[in-house]
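This report refers to the structure that appears directly beneath it.
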């Protein structure tokens, strides 16, 4: 990534959760101020954590390299969060046209997880935003971030009266009133955030569940990964059983089992931390192991072993995410301070050969394919410290600024390192 177009923001606290807004602000045209917004959450070991929305200081930073007099981004609004947010997301793009029962047309929703699932409502006064003086922090008068609902259900697990901490969540793109959460109490819960109620809760894994993701285009099927080292798929239409798509290999040289192993004990395996679908071909998923330096690409049509393995990081991987173009790149980041971008389009099957129908069953057999090892990313960026998280922007159209300059179209990616956030043009 030679001489990338780069914007930066320094937060007042260490950042963990981050997400780029999916759509422009309600009622506003596609303008840089509206498109270049992200939400961030702090990670401090106390009950004084914060979440904030950050936006461009001045749109000229997109076209003038030497426009360094002021920071590229400023905090538009922030509020307290208590415990650190384990995950933070802006509403999916479909939410703008969803028939919400109690949401203003001029507001946008964000969600966070931690000790509960919280849904926030964000409103911004476009005029106040555009009129803020260059170099001055916006007064916050035009921006409001308020807690809409906090959901923490009863736990199915014995001895857990109230809901246990939530590790992550996935917001349904097709039905934006649906969110599925994962928890350390081994459960996943599907929520209707519009009616503020739990639709179903299921014991998903033998140990903690670390991440969850809806199958793109589906309102019934989701997958989860956890501390038991398995990737499982669930279908809300038939919850009596799940499909194990992948289990991490049993480590070599494990000690012999204890004298009285529990009846369901499986040899210790490496936990799986994150799961993400390729939005352009949802047969493919990416995941990685705790403390692992490699990323596994799995194919729903041939469960059991990865079809690809990405070997480029020199320290543990912390985050991954797919872009949203027709042939999306996969971004991975880790403790080696590296952001690596991978183009896997040439390695998979031709997507049109077997498009996955979101309403079809979970796994259709395909001939076993040998695992391909990929060691060359198409782009790399080295940060000044460990990269803990990343977030893609939606594809940006070319935008004409008030100065008459035009920005080039393309995607951006934001990475979080300590208190620093770098936004890089891909």
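Each Cβ is built from the backbone N, Cα and C atoms, and glycine gets one as well.
All TrEMBL annotations are machine predictions without curation.
Not measured: the values here are computed from a predicted model.
Per TrEMBL, compositional bias 'Polar residues' is recorded for 354-363.
TrEMBL lists 250-270 (among others) with the feature region 'Disordered'.
The region 'Disordered' annotation in TrEMBL covers 352-371 (among others).
Positions annotated as repeat 'WD' by TrEMBL: 159-201 (among others). Long-range Cβ contacts of the repeat 'WD' (159-201) within its own chain (Cβ-Cβ under 8 Å, at least 6 residues beyond either end) map to 83, 86-87, 89, 91-95, 98, 100-102, 109, 111, 113-117, 119, 149, 151-153, 207-214, 216-219, 222, 224, 226, 234, 236, 239.
The feature repeat 'WD' is assigned by TrEMBL to 202-244 (among others).
According to TrEMBL, the feature repeat 'WD' maps to 310-344 (among others). Long-range contacts of the repeat 'WD' (310-344) within its own chain (CB-CB distance under 8 A, at least 6 residues past either end) are made by residues 1, 274, 276-280, 284, 286, 288, 290-297, 373-392, 394-395, 411, 413, 415, 417, 424, 426.
Here the repeat 'WD' (202-244) has a mean pLDDT of 95 out of 100.
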